[in-house]
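So the structure is just underneath, and the comments pick up after that.
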């Protein structure tokens, strides 16, 4: 009984005593704020920072691209990041539970879950390929160094082949500059051995057993790190979120000491100011900021929901956003110093060796590493860095799905069995990822990457902004933040949330539609039926929003359509801070918590407590609604 009494004291169950803890005992919280910041950095900083940003930068005017990039960061990236963090932290709910703010828009949360599912499936396949390259790098000679292997073709020309004479080297340079028929050993290793690539997306072929095994390893690692939810992942991120910076620094120091590195860095940074007037440059900058920060995936809301209620998420959003962008710029130096060295070694322009996406991570950069002394060491470090960058994002994707399921069911039974929910989601993710390990797997992976998480994210984010700022009301939301942080959001963020950020998001959507080109992979053009599947995947997340809205309106009370709409969009009575001790002001319950508490607390003076309860008058919230205490808490 003493234990139960002390638990009641801590959770504000005793009348007249204020709760002493700013944490949810039932749901759990981060061990400390460093864990949240590191997890969010690991979530935001992913593979795209290494294999997409440097390529976009050099393609869009080098240093001139930094100007629109940071403009978009300030006016779109940081405000959206802050909005999602504050949204999840205030309600202490995942991407579904937060929509008590306006129940008709709960479909936005379901859309986020669908997007996170798609990304989680293919993202772990990329991690499994990095695992495969990491394992095969543990050898004296990297297997993609020479052209003397069974999988190589007569067109293969390696820069380190022992039979290359000086005449052959001249022919190699001629081949690179003129005919472009040369295929590198790293490219043939990637296409003909690792993938054993089929000729069509519909020709799945056989499952590549080495990749399947590595996929299993990836999912086991993710599950073990999340076996205790944020309690276990919060400890793992001390390593997974920080060590990539150690590897980046090692590769950077090694890269800038190589001949030709300065040429590569200058190619990366030299500004072409005339491109500032190109709308495509601004569109690429806005898109990169939006996608790299992980907005509208549901992960930011989920991670913030485990914060303590009064945590300064405003400070965190600025720190994490700037760290993410600084990492992208820093990774560009690492990538282009090595590529500059490779271009100098081959005697070609750097544009001939620069690439992005899987082509950079698994073809161009590994080939450049073969030119370094002790090349297996640098290869192990590089792919270990990719693994850690990918895992940081994958942790949050899986936790987003698990948290949404557990919060939605919300009873004691499923909370106690959250580990089994995590296991079930991980097993499902592994099974759904198996087709991506077939000979046509890379086609499906790129299809999901280009369609499942592209313009649908933009639509979801735009609707979320409108729902919070204009349906729930910006004044209400600003008061919520002031109640949580102790100060209202700065005026700049208020303007961005209401006008600037939604306008930029709409610009990204228009830009994406205008710049749309049917997907292709090298020389392979996707058939119409495959592109149709891609659009269906994109539509599957967006369609959740109108379907749920129609369902909610039909189920709402009211004699007319207008009344039903008002009731469907009105914040539910259990919207607000999760813990009773934080429900003050307009969220104050109509009666004293002691009269409705389900906690078994023995009053110290029963007669006095009864007389005080009889004399107490009910308190009405300032918004005119009597908010009932959530019995589950």
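From the backbone N, Cα and C atoms, a Cβ is placed for every residue, glycine too.
Because the structure is a prediction, the values reported are computed rather than measured.
As stated in TrEMBL, the feature transmembrane segment covers range 289-306 out of the listed 289-306, 559-576, 577-594.
The stretch that TrEMBL tags with transmembrane segment, taken from the ranges 242-269, 606-633, is 242-269. As annotated in TrEMBL, transmembrane segment covers the listed stretch 36-54 rather than the other ranges in 17-35, 36-54.
Long-range Cβ contacts of residue 156 (disulfide bond) within its own chain (separation 6+, distance under 8 Å): 147, 183, 184, 185, 188. Long-range neighbours of the transmembrane segment (419-445) within the same chain, counting only residues 6 or more positions beyond its ends whose Cβ lies under 8 Å from a Cβ of the stretch, are 120-122, 124-126, 128, 195-198, 200-208, 211-212, 215-216, 219, 222-223, 226-229, 358, 398, 401-402, 405-406, 521, 524, 526, 530. Around the Cβ of residue 147 (disulfide bond), the number of neighbouring Cβ atoms within 10 Å comes to 22. Counting residues 6+ beyond its ends, the transmembrane segment (36-54) has Cβ neighbours under 8 Å at 30, 85, 123, 126, 230, 233-234, 237-238, 240-242, 244, 268, 288, 291-294, 299-300, 303-304, 306-307, 311, 316, 319-321, 323-324, 327-329, 331-332, 334-336, 356-358, 360-361, 385-386, 389-393, 395-396 in the same chain. Note: the stretches the transmembrane segment (289-306) and the transmembrane segment (526-551) are not in contact (fewer than 3 CB pairs below 8 A, sequence gap of 6 or more).
At the 8 Å Cβ threshold, with sequence separation of at least 6, the transmembrane segment (66-87) comes into contact with the transmembrane segment (451-471) through 3 or more pairs.
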